[in-house]
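What Swiss-Prot says about this protein:
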BINDING   LYS22, ASN23  phosphoenolpyruvate binding site
BINDING   ARG93, ARG122, PRO123, VAL124, ASP125, LEU126, LYS162, VAL163, SER164, VAL165, ASP307, ILE329  UDP-N-acetyl-alpha-D-glucosamine binding site
MOD_RES   CYS117  2-(S-cysteinyl)pyruvic acid O-phosphothioketal
ACT_SITE  CYS117  active site, proton donor
Amino acid sequence: MDKFRVYGQSRLSGSVNISGAKNAALPILFAAILATEPVKLTNVPELKDIETTLNILRQLGVIANRDETGAVLLDASNINHFTAPYELVKTMRASIWALAPLVARFHQGQVSLPGGCSIGARPVDLHISGLEKLGADIVLEEGYVKAQVSDRLVGTRIVIEKVSVGATLSIMMAATLAKGTTVIENAAREPEIVDTADFLNKMGAKITGAGSDHITIEGVERLTGCEHSVVPDRIETGTFLIAAAISGGRVVCQNTKADTLDAVIDKLREAGAQVDVTENSITLDMLGNRPKAVNIRTAPHPGFPTDMQAQFTLLNMVAEGTSIITETIFENRFMHIPELIRMGGKAEIEGNTAVCHGVEQLSGTEVIATDLRASISLVLAGCIATGETIVDRIYHIDRGYEHIEDKLRGLGAKIERFSGSDEA
């Protein structure tokens, strides 16, 4: 199992190119199941979760390849299997997104109950109830969610019980080929939903309101091919901005969009960072200063993103002052805090709230990554700590950060990947 060895006390500065958003690329890849013609996708990151998704699509009969430019070419015209099997699905919760397009286009589909990050309850109930309201018959048997419908799904008004990015995407995908009009109320508003809707509309869907809490989909009989470029990854962008903020550095994030990161940029400025934005870049300069502690409360978009909570927890661990972090989206998402405490951080956890007391310096040690965003916060902590830090279970990072050690080295980090068996 691979690990990272990180040598600390680096000031992280330089320029970094931001990859395409994993959280947009995944639903878009599954949405390609709906198309009767080939699709070309650019700016798709090279990640473990992306490769798993391509393998699931291939299992269904989709022709899925990358060309010499890195573009992903998909042809779902000859799908002949309708099951996403456990051996592929077990590592990734996003695989539930295969179900909606299969049922919408082929009137049947089954997906193994998925796996993924271990950060609390992320039930698929909202996906299932949404599809049922569109007319699908769904049963859970032998670890599989099995769905079928005798004819086309039928549009209706759906109020999502709790704001859910995943369920919003499932319902939106399914409704594109339903009879009549579907209205989604209490829809999630994330930029990745907007990007998926843009992709579906390029294929001939009729979706309006994406990015608001009220999405309308007029069903069409078929979707055709198109070309689409995946939006930049706002969470990767925020992560590299944090890298500069915690180390007193200056980082320029290229090929990204500031308008998807308002809540994060506001908090970075509150922490004392100088942040400048252009149409396609964001520059953060700490001018060599230590950050100030900032209170964080996660919320659905356009609120503060839960996927940036771990990175800001690290910032608060080394900031001047005391801060309160409240996690409202996922339970059990403070697993990075005990590891940061092992590095000399000071914090107390009570329920969904953490109180961080900033310290001047962290110390390198061995830590264990528990999920995608927690793991990157530990790597960044190693970059600024004294001595050497070993980060174990970095397969979590490979699920969501493209070429992470190369990008960090480009900013001056001293980091190397090694196999656990090579440690001696």
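Just so you know, glycine gets a Cβ as well, placed from its N, Cα and C.
A map of Swiss-Prot features onto the structure.
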residue : record                                        : Cβ contacts under 8 Å, 6 or more apart
LYS22   : phosphoenolpyruvate binding site              : PRO45, LEU47, ASP49, ILE50, ASP233, ARG399, GLY400
ASN23   : phosphoenolpyruvate binding site              : VAL165, GLU190, GLU192, ASP233, ILE235, ASP307
ASP125  : UDP-N-acetyl-alpha-D-glucosamine binding site : none
LYS162  : UDP-N-acetyl-alpha-D-glucosamine binding site : LEU126, ASN186
SER164  : UDP-N-acetyl-alpha-D-glucosamine binding site : LEU126, ALA188
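Looking at ARG93, ASP307, the binding-site residues in this record, the fewest other C-beta atoms within 10 angstroms of the C-beta turn up around ARG93.
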